[in-house]
Every structure is written in structure tokens, then in C-alpha cells.
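Marked as Ni(2+) binding site by Swiss-Prot on the basis of sequence analysis: His103, His105, Glu109, His147. The Fe(2+) binding site annotation in Swiss-Prot covers His103, His105, Glu109, His147. Residues or ranges marked as site 'May play a role in metal incorporation in vivo' in Swiss-Prot: Glu102. Annotation comment: Swiss-Prot describes Asp108 as site 'May play a role in transmitting local conformational changes'. Feature annotation from Swiss-Prot assigns site 'Important to generate the dianion' to Arg111; the stated evidence is sequence analysis.
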Amino acid sequence: MSRLSIFPDETAANAPDGLVPQLESNDPAVIQASLSRRGIGFEQWPAEHGLPEGADQATILQAYADAIAWVQRDGGYFTVDAIRMTPNHPDREPLRRKFLEEHTHAEDEVRFFVEGCGLFVLHIGSEVLSVLCERGDLMRVPAGTRHWFDMGSQPRFCAVRWFNNPEGWVAQYTGSSISQRFPRLD
């Protein structure tokens with residue numbers, strides 16, 4: 001079940017007894033409204049295409065072709081791919097370290113979770129919003145939004161990704177250590 005937790009950004013440094021969220025909800029309507037007020041897109045789509053376990057990129061993209069085309073037209077994204085992470089992926093540890101550092105992008109970060117889950121953490125103004133995304137969740141993080149992503153120490157997810165940069169995922173790291181002070185996926 002998807003979950004949103006909102007913390008003040010200074011909480012981690014000042015809370016000896018741990019972090020206490022200002023808001024915590026599993027209600028999709030509350031999640032969508034709370035994120036929308038902060039300029040973040042969140043939708044839940046059916047993920048019912050009955051893909052075979054370990055489906056390759058071509059199979060995934062074909063199964064979701066209509067939805068992918070709609071998002072491409074709506075956002076002007078001309079590149080799309082699918083990423084699959086598993087506990088035995090050879091690059092899981094370096095990728096996790098890279099994704100866990102607070103960063104921004106010059107373009108929107110748009111992800112649809114075909115299976116599994118991941119934790120997007122957004123640093124917006126004086127708040128930190130932790131969004132557990134699961135199968136069927138679509139997140140749109142606007143360009144320039146400070147954030148990090150945790151796929152967990154034993155990742156298991158597949159997500160469709162949209163880009164308007166032909167180079168794909170390109171991060172500008174902020175140099176902040178804030179991501180080390182907030183809860184992770186596991």
C-alpha cells in the first residue's frame with residue numbers, strides 16, 4: 001500500500017527520540033492532494049497486464065504502450081525505458097548509493113511502478129516528504145526538485161521511466177547529507 005509521511009526538514013537533527021511525521025497517510029486521495037499542493041504528480045493506475053516474471057523491457061513497454069504514449073504526449077517526453085532491479089542485480093549497491101544522495105534533475109523525473117516498490121523522498125522548502133510507491137503508482141517529480149530515491153538493500157521493482165533528455169538519468173548532486181538523516185526503505 002502506498003504511503004506518504006511528511007516531516008519538517010530540521011526534525012532529523014533535533015529529535016533525540018526519532019522522527020515524528022506531521023502527516024502520515026495510506027489514503028490515495030490524501031497522498032495525491034498533499035503532493036499536488038506541492039507541485040508533485042501522483043496517480044494510481046491499474047497494473048494488470050499479467051506480465052511474466054522477469055519480463056524484458058520490450059514486453060513491458062508493449063504491455064503499457066497506450067499509457068506510455070499518453071504520458072509522452074502530455075509531458076513532451078521523447079525517451080522511455082523500463083528499469084528492473086533485483087537482489088542479484090550486479091550494480092544494485094553502487095546504484096543504490098548514487099540514488100540515495102540528494103540531487104535534482106534538469107528535467108522531470110517520471111516513474112510508473114509496474115511491480116515492486118521504491119521510496120521517493122522529496123525535500124521541498126522546509127519539508128521532507130517520504131512517498132512509498134508501489135505497483136500501479138505513477139510519480140511526476142518536477143525538474144529542479146531536491147530528492148533522493150531508495151530501492152532498498154534487496155531491491156525488487158520494475159518501473160517505466162520517461163525522459164526528455166536523450167542521455168536518460170542525469171543528476172546534479174546538492175552535496176547535502178540530509179538523506180542520511182531520514183528513514184530508508186529498509
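Heads up, the Cβ atoms here are built off N, Cα and C, so glycines get one too.
For His147 (Ni(2+) binding site), the nearest neighbour among the listed recorded sites (Glu102, Asp108, Arg111), judged by C-alpha distance, is Glu102.
Under a cutoff of 8 A between CB atoms, and with a sequence separation of 6+ in the same chain, the neighbours of Arg111 (site 'Important to generate the dianion') are Gly118, Phe120, Cys133, Leu138, Met139, Ala159, Val160, Arg161. Taking Cβ-Cβ distances under 8 Å and a sequence separation of 6 or more, the neighbours of His103 (Ni(2+) binding site) in its chain are Arg146, His147, Trp148, Ala171, Gln172, Tyr173, Thr174.
Look at Arg111 (site 'Important to generate the dianion'): DSSP puts it in a strand. There are 18 other Cβ atoms within 10 Å of the Cβ belonging to His105 (Ni(2+) binding site). Put simply, Glu102 (site 'May play a role in metal incorporation in vivo') is 15 Å from Asp108 (site 'May play a role in transmitting local conformational changes') when counted between their Cα atoms. If you measure from the Cα atom of Glu102 (site 'May play a role in metal incorporation in vivo') to that of Glu109 (Ni(2+) binding site), you get 14 Å. One way to see the shell of the Ni(2+) site is to take the Cβ centroid of His103, His105, Glu109, His147; the remaining same-chain residues with a Cβ within 8 Å of it are Thr104, Val141, Thr145, Arg146, Trp148, Phe149, Ala171. Sequence-distant neighbours of Glu109 (Ni(2+) binding site) (same chain, 6+ residues apart, CB-CB distance under 8 A): Met139, Arg140, Val141, Thr145, His147. Considering other CB atoms within 10 Å as the measure, the emptiest surroundings among the recorded positions Glu102, His147 are those of Glu102. In the three-state DSSP scheme, His103 (Ni(2+) binding site) falls into the strand class.
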